Every structure is written in C-alpha cells, then in structure tokens.
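> Residues or ranges marked as active site, proton acceptor in Swiss-Prot: 303. Feature annotation from Swiss-Prot assigns ATP binding site to 189, 190, 191, 208, 258, 259, 260, 264, 307, 321; the stated evidence is similarity to another entry. The compositional bias 'Polar residues' annotation in Swiss-Prot covers 494-526, 805-819, 998-1017. Residues or ranges marked as compositional bias 'Basic and acidic residues' by Swiss-Prot: 527-538. Positions annotated as compositional bias 'Low complexity' by Swiss-Prot: 564-575, 582-602. The feature compositional bias 'Pro residues' is assigned by Swiss-Prot to 632-645. Swiss-Prot lists 179-443 with the feature domain 'Protein kinase'. Feature annotation from Swiss-Prot assigns phosphoserine to 138, 619, 1009; the stated evidence is a large-scale study or a structure entry. The region 'PIF-pocket' annotation in Swiss-Prot covers 210-255. Residues or ranges marked as region 'Disordered' in Swiss-Prot: 494-652, 805-833, 970-1017.
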C-alpha cells in the first residue's frame, strides 16, 4: 500500500521506484530548510514519508484500525517556556507553574490499569516502544491534560497557544535542535549524561541520553519510566534534581535535567580525603532530610551513595538517579495528603555493594530502612575517607556486610561513632529511624522543621583532623530520646503522610514553605506499641532466671556465674558427673583432675570472683562443654600454652599467691601454681579403642595408648649441622609454631642459650651438663628398601628441593645449567679489566637458591613415609612393604620411634623467605638428629594441633624428672668441695646465703637450667652468669637494687662484706676468694 501526501492510503502496492523517489524528495526538502531560522517549528516542515517506516509496524497499525498520523523526529510536548521579557513580568508564579512540564499524563506512565506502581508488565518490544513514546510524551496534542492547547495556523505554520480562559500566552516549544550538546559529564549503567546549552538563553542543562534500542533489548524500559515518574513527583523539592523536559528522536530518549556544576559528593570527599565534623554535620543533615522527604512521598531510593548525590552551584546536595527507586502505593484515597506504608517489602536485588543493607543479602528483602543504612555508610565515609565495608571484590564486600564487620579509624569522633554504631545494626528493629537520627546529639543545634538546614550557608570544606573536642564522649542522658520505640510493628506505625513541597522556584520562595509545620510529618510516627504475649519457652527461661537471682541473694557468700554461662557450666558439670558414673574405676580425685575445666597449665593466675576488684583479670580457659555450647565467650581468651622445652617445661611459681576462691559445681579458676602430686590424666587417654587403634594395635604399648593422627608425607632425616648450613644459605630460621601460642621466653634468651644461633644446640646446658644417649630420644630400625613399595622406595630428591619446594626436573635443570655459569665465571675471571669479577659479580648476579644448595657436598634424600602420633607422645614413622611381613603379618615396617615428650625434643616450624620458595615443613629436633616433615598447609596446621596436645599432656611427668635431676645435681655439687655453690639454688645441704635487702623468689630454686649449666672450667663462668641473669629477668618479679654502701665502709674501693650486685656478681675479688670465704664461714 502507498501513502499519499494527505496521509490517505492508496490500494496500489509500494514499488521500489517509489522508495527512491521519496528519498530524493526528502533530501531536497532537507536542503531547502537547512538555512532557515532554527526557531522555526519542526511541525511546519514537510514530514518524512511514512513509506520509510517498518513494514511490521504498518501492518500492526492497520489491524488496530487507527488513523495513520506522521510522527515528528523531535517531540515538543514537554517544553521549556521561553517568554519575552515583557510577558514574563506580567505572569505570576501560578501561571508559570501551569505551563511547566508538570503534566499529569506522565504520572501514570509506569502504572497499570488498577493504578499500582512497580508491577511486572509485558516485556514485549512493541509495548516497550509504546512506553518509550509515552515517556517522551504523546504526539497527540489533544490528548494532553495540560490547560494549554496547541493548534497550527495553516497560514503561518507557527504554533499558537490557546487557553481555555480568555488570557492568551505565546509559548515557544523547544526540541533537540534548540540545544548545543557539549562534553560528557556522567555515565550510568544504561545512559550518558551530557552538558546541553540552550542556544537562545545560554542556560546550561544536564541532558540524560538513553539509547532506546538498548533499553528494549536489556528490558530497562521499566526503570526509565519509574525514574521519570519519581522525578515528576519530586520536581518541586530543593533536595532532588529537577526534570525540565523529555523528548526523543529515532534512536535516543532525552531527559533534560537540572545541571549541578560542582559535581558529585564522592568527588568532593576524594579531593579532600575526608570532611571535618562541621561539614559532615551540614551535609549529613541535608541527606537525611532529603531521605525523609522521599519517604514522605512514598518513594524509596534504594541506591543512595555519594555518586548519586550532586552538589549544585550553592554547594547544596541534590539526589539523582531514581531508576531503581521503589514507588509505593497510597493506602488512602486522599489526593492532598496521601499516606504510604513504608513497611512494604521489595525483593528486587538493587543497589551498590558497599552501601547495600544486610537484610537484602541475608533475607532477600528490603524496605525503607535500606536508605537509612546507606546514610550510615556515607556518614562513616565522610570522616574515615572510605566506606565501612570495603574489600578487594564484591563477594568479600558482601561477606563483610552480612556480618556487619567494620572498624573505626583511629581518632574517629566519639559522637559520630555513637551515631554510626546505632545505624549500622543488623537487626532492623534496633536500627535508628529518621526521627531518632534527627534527635541525636550530633544534630542538637539544627532545626529540621523550619528548613534551616537548606537555608544555611555551606561551611568551609576542610579535611578531618583529630582534636580534643572530637574525642569528647557522649554527654550523659543525651541519648535518652533515642530509646527504641520498636519499629518492628506493621500497618499504621509505618504510615506516613506526604510532605508539602515548595514552589519550583527555590530562589523566589522561602524554605519555610517547604517545611510547613501544619503539613510536615515525620517519616516514622511515634506510636506506643502493645507488648506481645510471651510464649511458654520464654516464660520458663525468665522464671529460671528469677529463681537464680533469688538464690544468689539468699546466699551472699557464695558466688555463682550468671546468665548463659551458668547454664553452660551446669551442663558441663552434668557431663562430668555422667563420665564419672560411666567409669567407676577412677577415683574422685583423678576424675576431678582429668576434667578439662579443672586442668590448667601451671603458672596461670586465678581469676578473681569479683570483677569490680580486678577488672582486667584474665579469664581462665573454659571447659570443653562450655566451648562447644553456643555461649558468648569471655572478653579475653588466653593464648594456648606453648610446647615444652628444656627451658620452659617447668613452670615458675609466681612470687605472690592469691587465696583460691571456688565457684559452685565447676572449678573455672585455675589451680594453685604448685606441683601436683597426682598424675594428670589426659583427655586423649580414653579406655575406649577406635578403628585406628585396632589397625595399629601391634605397635601400641597398652590399651590406654591411642592413635591421634596418621598421615602420609615427605620425610627426611638429617644432622643439625647440615640443616643449619642449608638454612643459612636460604636465610631461613626455625621458630616456635604460631599455633602453639606466645613463647614464654624472649628472643634474647633464645640467642643467649643457643650460642648466637636461635635454633642451635651450641652451649646448650642439656648437652654439656646432663647429656643423654641417642636411644632416649628415638629408636631406629633398619629396613630393606628393596622390599618396599615404589612410592616408599624411590627417593624424592635432595633436602634442598624439599626446602625450596622445587620439583626434580626443575632442580636437574638448575644443576645442568650451573656448569655453563661456572664457565662464564672462569672466563670473566680471566679478564682482568672486567668490572664485574669475583665478589662484585656475585654481589650483582646472585645465584638461585637451588644452585646455592646444590653446591654443598652433603646430599640428604627424602622419601614418602606414613607417620602415626599416639597419646603417649610417640611419633612412629612407617614404610610400606610390597608384601606383608611374615612375622607380624603387617604391610608397614617401623623405621623410627621418636619420643616427643623427652626433654630436649623440640617442635619447630621451618620458615624461609618467599622468594626462595614456599613450603610447609615441621621439624622435630633432638640433640642428635632432626626429622623434617613436608606436606600441604592444611595438613601442617593439623599436625601442629596434635603435637600441641601431646606436649601439653605430659606436664607433671617432666616436672618430676626436673625435681629428680635437681636433687642429683645438688648432691653432686655438695660432694665437691672446690666448686662454688650459687646462692640462687637453695638446698638443705648447702650453706645459706647471707641475707639480701630484697625478697628472693623461690622460683629460681626449682629451675634446672642453671644447675645443669655448671662447669668447673672458668671459661663457662660468663655463660652461667648470663644464664642466671636471663632466668631472673624472665621469671622473677622486679627486684629492687641493693643499696650502695657508704664510702666509709669501702676498702680499696670495695665494700668490706660481700654484697650482691647485678648480673649475679658479688663484690669478692675473684671466684677463689669467694669460695675461700664460704669455707671459713
């Protein structure tokens, strides 16, 4: 079919020649009108032929039997009024308001037939295209509900404005041709914001350009219609960006918005890093008041962030980007004062990761309180300069938001800190409402009802600096108004009334009009809430709590734990009682000592029963049942005890003791720090055997020994000298495992006792004074490698590869490449003029770790082995055979049996720099050999956990050995007459030292490190003196210095009598004289 010039349909079909003629005519008309005045109306120009339109659209329109009307390239329904100066003076504000864009036709764009917003609708492309047409405005002038009607004069072809009243107004409509588009000032998810300047008035606007094809393809038409509806609804507010006009062309849709020349709020914070308290108060008040205005008009923004807060020419905030807003339906039929239910939930996942609320992530819903959460995040960012929930990616950010995991920066103002802590709350019912935020002490000098937050001059922008005023705490009683008024009610408690808006011309009207006291209503009404009836379970818990309080009042002398802890302790006591009944063979004393609640490492001070007397007392470790139950832990959890070593296996008795105060039923407090005469039974020593115990029962000593863990890993045995050389070349070190907790000796004492090497055995007292044979530490069985499986028989490589975590191939390549480098070195050494020769070349061209280690002569191979750790402190190393052993009928052959509980055996973790490689190596050190275990990170952590259990379960056994050893050393010392007896070691046979001016701790007498380090040689004297000094500094309380004698009592500069001075020295002239004096005495 063919369309004539008068838009009448012709039955003749459309021919290709017709299309060519129409295109030629179109170009001719375009050239003809290109030189005309730009104010010439677009409707007066000849229209483009409708034969160039989509054929599918034509067929669809034919079915609907609608008259085919040509559509202009630029729609001019929504316009910017352009008055002459004389006409503007004669028009009042109401008349200007009448001809503005505020047409009611746009307000129902996103609504359905029943008038409800935000509902799903058909996403058909044709419906989307019609929706876009409606957003830009209908082409039918007579359908508009404006009071101004536009008609065309056939003679002049210029628009004439006719009003239903007698007054007439000359209005010039503007389209896309009337603006000059400049640079891009913003970019959104599906739009681009450009600077548009009016050609006539030179006034600048922000033109938001949206691609219609993209909107239809990505199903974003709904968001565009919501944004226009929200902007039209809030168009008269100073806190929201104004929408002046909407128009379109064939490819794009245009929103002509208010231009904010000072950019967004995020750029301001990035420029200054942070904002001081005055600026934060000024902008926070405007933001929270703008959010209140949105909620009072039934709009939830749902994407409030600094990027969506603009700054106008007066440095006041403007909210923008309402594409993801939630439009609430009014609950009443009142047009003047509609009410909205803010508790309406939405399940749409919208927002930005750093500002999204936790209820959306945890419970997949959100309501009006998501805007309050975002406000709290922005307030935090104003001071800290970064959002409270920030991570490297969105997933980690969401994890922090879900857990409400954030930390205040140092020097954060205490008043703002209090406000942020009450806003960023996971529980919605405990989160502050807008009315409570406005009543907070932070906004005490502001009045939100008279609009003064918008009329005040903005303060000077300055970054935040800590000062004495910011560190002032919240005044007492200032937050009484913030007592929660329970916002968890539904229905009327969330009904808000629409707040009145001011005139669109903010400059010509006062701010008090916007916030009229008669029409203003707070977002959350303060309504008293009826108490919910308590259920039976809650009533029973409350009754038990009352009974417990009454019992404690009746028994003032007996203190019992309260709250959830008492319930957990009662459960622990019941469990202990049940265990005692199931095993009647054990005595009551042993059962009490075996309880995890009563077992505590010696030296731990008792927790006082009164928290007021010692508020900083450390809490002792709780029982296993308490830890397993969901009970809040105490504010301080003591570190785990470190492994037992020859220097710290024996716990020092503190110089002061406190009287023990028992709790009821269970002993939470640690026992007195004295040596127990009862054998402490380990929790792992259970009489019941498990599956692993039965499998390895041939190698277990008795039924009480149990298998704690089995693992297959790389195993290597080496001497300490070899290991030390390889570690020195790798800059590695052996340290106490981090899982064992804080070591009880300082780094200085480690250096002193190891002769300058932290991990060595040089000058170790255990090796010089009281050495043991190799069999006491481990036993070794010879195995035939030919009988083993291939995995256990084939060597894995050298120890160097194990330390640097290098594969065999890579290591061989390094070995093959090393001769080439040696040749190069020899050639460079022959050149005498070469600058990089000898040591200088080694300095600038260091060799790799594998090359350095491969140059050593010692080769130590590692193999695959299976290790078994038992509750008796045994570390068994097995090799797997191809055929079962004919004697034992087992496929595993025992190679090493290491005693982990033997004094002198240490558990270490080998650490090397990252550039040398990565490994996870456990080292078991003995004075003779070192055993290295290599596995992955997860298994290494589990191994250290089991090793810690083993070491901590043998405290009393080591204490007994130390006492016996001390007694033997004392006997040996007293039998020799020519050997000096240190005064720090008390014994019944040794002469008592002369009285000192300060109290001496008895702890030194029980430590064997000094007694074992005694040597008759004079060369060892300095090491003994330094050892005594280290032990005294670590274990004893602070001693008072001895008084300096008077000069009259000095003989040749020395006192007449022996006076003990620092470092364990006395004033005797030499060691022999002191011993001689002791004989005479």
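Glycine is treated like the rest: Cβ placed from N, Cα and C.
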> Give the maximum pairwise CA distance in Å, whole number, for the residues 189, 190, 191, 208, 258, 259, 260, 264, 307, 321 listed as binding ATP.
20
> What are the non-local neighbours of residue 258 (ATP binding site), defined as same-chain residues 6+ apart in sequence with CB under 8 A from its CB?
205, 206, 241, 242, 243, 244, 312, 318
> Report the member of 303, 307 (the recorded positions) whose C-beta atom has the most other C-beta atoms within 10 angstroms.
303
> How big is the Cα-to-Cα gap, in Å, between residue 260 (ATP binding site) and residue 303 (active site, proton acceptor)?
19
> Which residue counts does DSSP yield for the region 'PIF-pocket' (210-255) in the helix, strand and coil classes, in that order?
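Each residue of the region 'PIF-pocket' (210-255) counted once, the result is 19 helix, 13 strand, 14 coil.
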> Write down the Cα-Cα distance for the residue listed as 'active site, proton acceptor' and residue 189 (ATP binding site), rounded and given in Å.
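Here the two Cα atoms are 13 Å apart.
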> Hey, does DSSP put residue 303 (active site, proton acceptor) in a helix, a strand, or just coil?
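Looking at the DSSP assignment, residue 303 (active site, proton acceptor) belongs to neither helix nor strand, so coil.
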> For the C-alpha pair, I'd like the distance in angstrom between residue 191 (ATP binding site) and residue 303 (active site, proton acceptor), rounded off.
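Here the two Cα atoms are 16 Å apart.
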> Including all protein chains displayed, how many Cβ atoms other than that of residue 260 (ATP binding site) lie within 10 Å of its Cβ?
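I get 20 for this one.
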> Across the domain 'Protein kinase' (179-443), what is the average pLDDT of the model, as a whole number?
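Across the domain 'Protein kinase' (179-443), the average pLDDT comes out at 92.
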> At 10 angstroms around each C-beta, which of the binding-site residues 189, 191 has the fewest other C-beta atoms nearby?
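It is 189 that, of the binding-site residues 189, 191, has the fewest other Cβ atoms within 10 Å.
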